[in-house]
Amino acid sequence: MNQDQLKRQAAEKVVEFLPSGGVLGVGTGSTVNHFIDVLADVKGRFDGAVSSSEASTERLKAIGMQVLDLNSVGELEVYVDGADESNHQLELIKGGGGALTREKIIAAASKQFVCIADASKLVSCLGEFPLPVEVIPMARSYVARELVKLGGNPVLREDFITDNGNVILDVHGLEIMEPIKMETEINNIVGVVTVGLFASRGADVLILGDEAGARVITP
Ligand code: 5RP
């Protein structure tokens, strides 16, 4: 199976983890795109979805799912999203698609975060995937210097502006031994909007598309 088929497998398995109704949280990325396709068959039982990006909103609307403002709904039962890396504690690196801020907000507002990915995303130590950091544009250079002090090599994502009007620094060369500590340190740099480390609120369940079938992992 290729990587895309493994993503599809994880997206199909997640149906077993969906509530019987209510409003769903929906993330962003190619794995989530598969999930939205799968959702087309069961969408009737949900009141709608809260979306983490303009791209997912468009896809949700295309399958006829109502997209709701997070401010108009209460706590979400389940949030489904992908990841760029996960360790065995289900601490994640996210933001490869640049939607990390809205993703983090929805994850925080959800009772359960179910992460879907192909098996290549499971790692023993986070950091091989460059860590995305969303930054207010005027703070870009300052934040970059602070990230260098933390041992990283920040690179501005070219020709990319987030849905919130900000830029992304992708931080290479980090070996993230203490994800919660690093998440806090980077969050505390003035000018940082969001760091793509999802450690203090990681996933509750990880569904991995694997050659042997979909694997369900809990911390
Ligand atoms: C977007 C994300 C995605 O979940 C992450 O990049 C994984 O993407 P894909 O499913 O395409 O591998 O965090 O901001």
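Positions of Cβ are set from backbone N, Cα and C atoms, glycine also.
Nobody curates TrEMBL annotations by hand; they come from automatic prediction.
Site annotation (TrEMBL, ligand substrate) includes Thr28, Gly29, Ser30, Thr31, Asp81, Gly82, Ala83, Asp84, Lys94, Gly95, Gly96, Gly97; from Lys121, Lys149, Lys181, the additional listed residue is Lys121. Of the recorded residues, Gly96 (substrate binding site) and Glu103 (active site, proton acceptor) place their C-alpha atoms 12 Å from one another. Candidate recorded positions: Ala83, Glu103, Lys121. Fewest other C-beta atoms within 10 angstroms, Lys121. Only Thr28, Ser30, Lys94, Gly96 of the binding-site residues listed as Thr28, Ser30, Lys94, Gly96, Lys121 bring a Cβ under 6 Å of any atom of ligand 1; the order follows the sequence.
Counting Cβ atoms from all protein chains shown, Gly96 (substrate binding site) has 20 others lying within 10 Å of its own Cβ.
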